[in-house]
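Chemist: Can you keep this structure in mind? I'll have questions shortly.
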Amino acid sequence: MSLSPHQKTAGWLVGVVVVMGAASFAAVPFYDWFCRVTGFGGTTAVASEAPAEVLDRTIRVRFDASREAGMPWEFRPLQREMEVRIGETGLAFYEAYNPTDRTVAGTASYNVTPDAAGGYFAKIACFCFTEQVLAPGERVEMPVSFYVDPAIVKDRDGRYVRQITLSYTFHQTELPEEQAALAARPAGIDVN
């Protein structure tokens, strides 16, 4: 069975569309992984504890918050900036509020600028490590514990950094299965 030139072209085009779709689907997780591994684009490090060394030099940390289009939450930092000593653990809070009449889940992506500081800004604990689920009308304060690695003062570019901006963007995600089941259940019905 021989295919006509039109059928071959159509088959080739379908293959191109499938490959492009797969590549676009894989691009976001691949880019996220790449940035976390290399610190590219200001991606921060994750640490289990702060370093033992705390320097006298301070650095100003600014906090920024945004939402992707369609994310219904209100989201903001509870402080605009703070001054921390390099190596000292800082603790900041963000607030999220779900003004809708439905349960909404979200995850936060993050970035640090300038890019030279990304590899030296380490988070010990962060709301961005897990998915957040807010019930209708729920308001929460979410902490982020961090430090600036003292090695920044020895970095060719990092030693000139005097201010770091930590930015978060909240993205709406699918509700976890158990939350979706609860949200779909009519009010007043008890499953027990």
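Residue positions begin at 1 at the first shown residue.
Using the three backbone atoms N, Cα and C, a Cβ is placed for every residue, glycine included.
Here Swiss-Prot flags 1-9 as topological domain 'Cytoplasmic', drawing on sequence analysis. Annotation source Swiss-Prot lists topological domain 'Periplasmic' at 31-192. Sequence annotations record features per position, and here Swiss-Prot assigns transmembrane segment to 10-30 based on sequence analysis.
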Chemist: Could you give me three numbers for the topological domain 'Cytoplasmic' (1-9), the DSSP helix, strand and coil residue counts?
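Modeler: Result for the topological domain 'Cytoplasmic' (1-9), in helix, strand, coil order: 5 helix, 0 strand, 4 coil.
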Chemist: So what's the mean pLDDT when you look at the topological domain 'Periplasmic' (31-192)?
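Modeler: For the topological domain 'Periplasmic' (31-192), the model's average pLDDT rounds to 87.
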Chemist: What parts of the chain pack near the topological domain 'Cytoplasmic' (1-9), using Cβ distances under 8 Å and only residues at least 6 beyond its ends?
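Modeler: Contacts with the topological domain 'Cytoplasmic' (1-9): none.
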